[in-house]
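Novice: So TrEMBL has the following annotated:
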- 2-43: repeat 'WD' (REPEAT)
- 44-85: repeat 'WD' (REPEAT)
- 86-127: repeat 'WD' (REPEAT)
- 127-161: repeat 'WD' (REPEAT)
Amino acid sequence: SLSGHTSGVGCAAFDAHEEAVVAGAASGTLKLWDLNQGKAIRTLLGHRSECMAAGFHPYGAFFASGSLDTNLKVWDIRRRTCIQTYRGHTQGIGAVAFSPDGKWVVSGGQDGWVKLWDLTAGRLLFEYQHDGEVTCLEFHPSDLLLASASADRTVRLVDVDALCVLGSTAADGSGVARAAFSP
């Protein structure tokens, strides 16, 4: 068990090597733990409200966090600082993911918007909207595809290379919590 936050934890993510974990709290504080040492090695401040999503860059030197403050932040672990803040959601961000090649980060909000950001240029590349909160974002491990799941009971598939929505599942049953690609 890892301890250190003084308020409830809203999200957690492992790095690709499962040597570190980042957790975001209701206070907006993020803590990074070294799992080999079993202790917190970084405390990062920057969000004004609860952290609801986190994800590591595939090469491990960075991670992203989404918050109820509507901001997506990218953090440099070594420099211990936020290196980019992306704005554009009107409600909290509950899902984040990096592309497997590390070129893009995507955010999904309670406002239903999915926003694809170019990490190098620091700008919005593409966006589309669900009719409900975005609950999950998943990149295909080898193709330039993105799946987004939503409380609107759909999963949308996006061609990231062409920047277009390829299609959507029919709304059926209850909201979709997760989406994943088969290996």
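Using N, Cα and C of the backbone, Cβ positions are placed for all residues, glycine too.
Not measured: the values here are computed from a predicted model.
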Novice: Could you give the residue numbers and ranges of same-chain residues that sit at least 6 residues beyond the repeat 'WD' (127-161) on either side and whose C-beta is under 8 angstroms from one of its C-beta atoms?
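Specialist: For the repeat 'WD' (127-161), the nonlocal Cβ contacts are 88, 94-100, 104, 106-116, 167-181, 183.
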Novice: By DSSP, what is the split of the repeat 'WD' (44-85) into helix, strand and coil residues?
Specialist: 0 helix, 23 strand, 19 coil
Novice: DSSP on the repeat 'WD' (2-43): how many residues come out helix, how many strand, how many coil?
Specialist: 0 helix, 22 strand, 20 coil
Novice: Grab the pLDDT values for the repeat 'WD' (44-85) and give me their mean, rounded.
Specialist: 94
